[in-house]
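**Q** Here you go, one structure.
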Amino acid sequence: MMQANLLPLVIHPEVKAALESRHAVVALESNVITHGLNYPANVETALAVEAAVRRSGAVPATIGICDGEILVGMHREQIERFATTPGIAKVSSNNLPFVLAQKSMGATTVASSLMLAELAGIGFFASAGIGGVHRGGEDSMDISSDLIQFTRTNVTVVCAGAKNILDIGRTLEFLETQCVPVVTYQTDDFPAFYCRSSGYRSPQRLDSLEAIAQAIDINRALPGSAAMVVAAPTKPEDAIDSRDVQAAIQAAIENAAAKGVTGSQVTKFIMKAVEQATHGRSAMANAAVLVNTAEIAGQLAMVYHRPR
């Protein structure tokens, strides 16, 4: 029999009060604080993302693992600790039990954040971009655990599509195969992170948050349903031309192969190359995408929690 203290949830008082009153709450990952941006930009962005959720009327809940405890919502001091502590583990669904057992610190990805959000009773999650099938994934089988986790939780994911470095066509095919409902907000194109279009059409378009909220309600009532992925493109003024990004990515892939860069290092290599090719615009766009998706997630959660 499982002991209750095996999963020590520490829920921030603001988040706890919101959940108890059935108010809208949006979960956020902590991986962007530890692995996405440098200090102090990581703290500034984390606080800006939380502020964006609050602007919508919802309550933010940044999730992370701290000394073996599951934090659901963080104080400023905890965000600072995540931002400045070196060597914090990147935690996905597969290594989450080990990080908890070792009572260490861990920054949650999309997959683990969804698992812990559901554990806490949170129904919405915001991320800049989901993981997916990597380029060459048909041979390497390098597929993000995000896609599998969508089938195991029913927490709605609001994002700006999938990350640019992925094989987005195969990612969409994989989501369809796994019965994951995908909808785009006010666009026919499936977005790609800080690019407003990935070059692939959306499986489904809806133009109002009310319509999306109704679809979420129905999806959650269906037996065996997966999480719904809601993709909202970044604002035009924050977007980067997809042609520039794709050219930089292709050049980086060829350069990585020539230098013998393999495994998880390839992603870091490509992202750094894109940042250099865009003269730092990609890093700024990354932060803007995070803020925009967080605000839309908050708005959607507020609409969902309205009496209908």
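Cβ from N, Cα, C; glycine included.
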**Q** Of Val72, Val110, Val158, which does Swiss-Prot put in the substrate site with Lys90, Ser144, Ser145, Asp146?
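**A** Record source Swiss-Prot; matching candidate: Val110.
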**Q** Counting only other Cβ atoms and using a 10 Å cut-off, which of the recorded positions Glu29, Lys90, Val110, Asp146, Lys163 scores lowest?
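**A** Ranked by other Cβ atoms within 10 Å, the recorded positions Glu29, Lys90, Val110, Asp146, Lys163 bottom out at Lys90.
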**Q** Starting from each candidate's C-beta and looking 10 angstroms out, tell me which of the binding-site residues Ser144, Ser145 has the most other C-beta atoms.
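**A** Per the Cβ count, the most surrounded site is Ser144.
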**Q** Could you give the Cα-Cα distance between Lys90 (substrate binding site) and Glu29 (active site, proton donor), in whole Å?
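**A** Rounded to a whole number, the Cα-Cα distance is 11 Å.
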**Q** Rounded to a whole angstrom, what is the C-alpha distance between Asp142 (Mn(2+) binding site) and Lys163 (active site, nucleophile)?
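**A** Taking the Cα atoms only, Asp142 (Mn(2+) binding site) lies 14 Å from Lys163 (active site, nucleophile).
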